[in-house]
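Working notes, beginning with the structure itself.
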Amino acid sequence: MRILIVEDDELVAQMLDRVLSEQHYTVDIAADGQAGWELVEACTYDLILLDVVLPRLDGIAFCQQLRSRGLSVPILLLTAQDNSTYKVEGLDAGADDYVTKPFDTQELLARVRALLRRGSTELPPILTWGNLKLDPSNCEVTHNHQGIPLTPKEYSLLELFLRNRHRIFSRGEILDRLWSLETFPGEDTVTSHIKGLRMKLKAANLLEDPIETIYGMGYRLKPPVTPMPQSKKTAHKANGKLEAIWQRVQEKSQTRLATIQRATQALSENHWDEDLRDAAAIAAHQLAGSLGVFNLDEGSRLAKEIERLLQGKKPIDRQQKQTLQTTVANLHACLQKAHPTDFSQPSTPKRPVLSIVTAESDRARVWMREAENWGLQGAIAENTTVVREGLNTNRPDGVLLDLSKGSASDSDLSLLEELNACKPPIPALVLTHQDSLRDRVKVARAGGRFFVENSLSPAQLLETVAQAIQRASRGTEATVMVVDDDLQILTTLAALLKPWGLKVVTLESPLDFLPVLEATAPDLLILDIEMPQVNGLELCQVARNDSRWAGLPILFLTAHTDAKIMKRVFEVGADDYVSKPIVEPELVTRILNRLERSRLLRNRSEIDPLTNLANRRKFSSTFNPLLQRAERYRQPCCLALLDVDGLDRINNQYGYSTGDRVLVRLGQLLQQLFPKEEIVARWGGAVFAVGMYGMTCQEGNRRVAELLDLLRRESFLPAQETPLAVTFSAGLVEYPRDGKDRSHLYRAAIQLLERAKIEGGERILAKDL
């Protein structure tokens, strides 16, 4: 893979070169936009890392120029400007992603890998256990580079353990996972398959059996025998490289600081020079990026503040002069203290902490052991006071409150209220045997969100707890877009909502509404009513008239409370309104409730319940924008329609449960093989649809052929019966060659699909292939 870095900051460029070269990428560097463009014209790149502020040709113009030539190479923007305007401009100009300086090198590498995967046929990373490797892209298992022949079920067993490293699976749970929609074989079948898997792994010279038997409970993956995961080694190497670079380039940082100091001194003596001011602003911009890369976050923050003070042409007043002098002095002190040992080492990810509140010590120990199996770190609390006192210092990720021996006390209810008041709220699960509505209402009023029955086994109980904590951790991961011409309102709302885990995009100019809406794709929209040029009611109508945003939750902020205004708010399609002045609890509650209901309704209306893929309605609404994007950037787009061969025969001969298993498994394979950037849906019955942006029919044919090969390897009947071979037929078409809109492409694809069926099935047809 070949990567171009267009970066005028030598420190950042040198660091990126070392880090990317360590990952075996081929790297070219250009110090300005024009030099980068000349390299693009001369060479072919898989990815471009592009700074926004560049001499000769800036990053935004570079993107526009590249896309106008019809080039689809992924672009990752690097910017020290942490505001939505620069990001929206970059994305609108054709960039695929952006990283704000200072950035974490491991996050940067992850984004690089993600962008490179979009243009290739690679699947998620290879699963490993020591020298044992399982490659999902070709379903191969190797040990020390030697292949291990496994049956489909043995392969599925190994993959199940590798993807769930901390969980214990009983034989019944394994049957649910691997024979979920078929008449269950006996649990001895699982034992037989695991025995066969162990024998084959032993024959491949594995010195250690990776599968551990937990007697009376089931099986799990043993901890890996390697002393340090490869990712951690890589991270240590990367940090070591950063330290070495920092030692060599400290002099350049001091030179940039000297430029800033000269400008500050000239300003204090009233000898102001615009050229010197511009040079100091550039030096501060470069320091902001490079210091952050080397984990000097305070220095990066100070440099950004200096850059802000020096930007523009307006005269600097006395207060700003004093602020500038103080900030420059603090930056000088920060650089004097900087030392290579300041570089942080990657930390081991912490497990979510579960506080277990129960008076029964035997129960608590059992739950503690089971929590480990679900990737949780249990902490026993004898009473609610212990948890309440530790909320500020040792905040748990979830609380299990055992009320199975009686009703909730005042202390229990106080704890639930405090957990619910945290930002974001800490999920509390109440274990109870009480069926009294009165008791449940008391707990619900205090903030208890989940009730679990006392009759659940430890495994079932902790599975419920783990799912609740997982939902809570991602429950508020949503984007809220706020449009208001009052900058103070925008600042206040961002400060109120971010502690709840919400990403807030603010927009002061309503004229930029559509491009920002398309670029951010928010989960909820907040509009002010009265704004210059275009008011909020008109923006709401614009959103509601576009099928993409017809279901977007919209809230209004208004100081008006008269009936006519309120009636008009709902007539244009708003879901709710909040009166000014803003009351924080009311606003947050309404937003979170709207987001939760929106998710629920979206899942019901857009997701196929059997395969968990998008349904035809969702595919249609998302495929049209994909075609518009392809037209805008002059890219191809491939549409594939797949039809399972002989599904009616399978249903009649083996039962509808077997037919459902086939559809479910094909849906899983589609999700594994096609990344999230591509659209995968169950069109209806046995027909599936895949939209592949940036792909020709030839490239799409290769991907669909991989899918057909994977499906052929699947076994859909118990081991003691004759295996059922399942295949599909497919028709592929390409935009704009075979059609310029969805309906024409669909008709062309269905004709090819029907021809493939007539010719005997189990084949993929596309024009000119």
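Cβ atoms are placed via backbone N, Cα and C, with glycine included.
Per TrEMBL, DNA-binding region is recorded for 124-223. Averaged across the DNA-binding region (124-223), the predicted model reaches a pLDDT of 78.
Annotated domain 'Response regulatory' per TrEMBL: 2-116 (among others), in sequence order.
The domain 'OmpR/PhoB-type' annotation in TrEMBL covers 124-223.
Feature annotation from TrEMBL assigns domain 'Response regulatory' to 353-469 (among others).
What TrEMBL records for 479-595 (among others) is domain 'Response regulatory'.
Annotated domain 'GGDEF' per TrEMBL: 635-769, in sequence order.
The 4-aspartylphosphate annotation in TrEMBL covers Asp51 (among others). Asp51 (4-aspartylphosphate) counts 28 other C-beta atoms within 10 Å of its own C-beta, drawing on all protein chains shown.
Taking a C-beta cut-off of under 8 angstroms and a sequence separation of 6 or more, Asp402 (4-aspartylphosphate) has the following same-chain neighbours: Ile356, Val357, Thr358, Ala359, Glu360, Arg363, Leu431. The 4-aspartylphosphate feature in TrEMBL is assigned to Asp402 (among others).
Feature annotation from TrEMBL assigns 4-aspartylphosphate to Asp528 (among others). Counting only same-chain residues six or more apart in sequence, the Cβ atoms lying under 8 angstroms from the Cβ of Asp528 (4-aspartylphosphate) belong to Val483, Asp484, Asp485, Asp486, Ile489, Gly536, Phe556, Leu557, Thr558.
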Check: What are the helix, strand and coil residue counts for the domain 'Response regulatory' (479-595) according to DSSP?
Finding: 58 helix, 24 strand, 35 coil
